[in-house]
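Look at TrEMBL and you will find 112-250 tagged as domain 'Peptidase S54 rhomboid'. For 32-54, 121-142, 149-171, 177-200, 207-226, 232-250, 276-298, the entry in TrEMBL reads transmembrane segment.
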Amino acid sequence: MATGGETKAPGAGYYQYPASYGGGRADEERRWWPWLVPTVLVACIAVFAAEMFVNDCPRHGSALGGGAGCVASGFLRRFAFQPLRENPLLGPSSATLEKMGALNWAKVVHEHQGWRLISCIWLHAGLVHLVVNMLSLLFIGIRLEQQFGFVRIGVIYLISGFGGSVLSALFLQSNYISVGASGALFGLLGSMLSELIMNWTIYTNKAAAIITLLFIIAINLAIGILPHADNFAHIGGFASGFLLGFVLLARPQFGWMERNELPQTNQPPKYKLYQYVLWVAALMLLVVGFVIILVMLFKGKNGNDSCHWCQYLNCVPTSRWKCNT
């Protein structure tokens, strides 16, 4: 799950070059009509409806037994939710999620079901999980798609989701499953941060923009240390999106100038040397990182075996909850 705001609003100090700064600026000024993000939202809702149809709680019952009743079965019938003691997020059983493509380390590694690294992105554990993620997608994704278009934002969303799944699978316990679009959403947050760094010279309120964004990211990562939240998916998605932002979201610039110092010239802005350096470095890190993690994963390695403290990145036990339940 992820929530956040968009730092490219006027209050964040984002500046767009006037159209008079050169004939080649039309694509820089273009405001894209956002259709991809709403399409993803509809797709996730449709997949959740399919989950509940397949789950059919009144027919299959609950793993808890003991007469535990399905939630709202009189109204929703076969779309009824599992008992709250089994799934407090108002959703299907874990068996249904696993059947429909939830991320499972053993099935990915030993049964060669690598497709689960993609399918799990479209599944959600319950109605609460779905609503929170889809609201986050709307708040984050719509503005990004308006600014950069559906191709770049779609690539960031999908690759970040895959990156979150890969890292999650590497650290996932063999008896656990993972689902959700949170990795992809964290990728969008990560791309916002790298876009701010990459295009630093065209922001005026730089400090306010980066502090606000870092605060949002920190809060969301902190939520990930609670039980039942897959923070490795969050971290993997964020890292993927952060690196992809350098690769895909660079904008040509005039130089280290504030808004009121932009020159009156017909010469279009150009990409700066530091942008090329960041582009190359980010692309290399992204490729190398994916290769290393995928090789470890499909060799049957589990990240917890070689990094015992990494478990605390995913869940921190307290007197109020345990992390192995």
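Using N, Cα and C of the backbone, Cβ positions are placed for all residues, glycine too.
Broken down with DSSP, the domain 'Peptidase S54 rhomboid' (112-250) shows 107 helix, 2 strand, 30 coil. The average pLDDT for the domain 'Peptidase S54 rhomboid' (112-250) in the predicted structure is 90.
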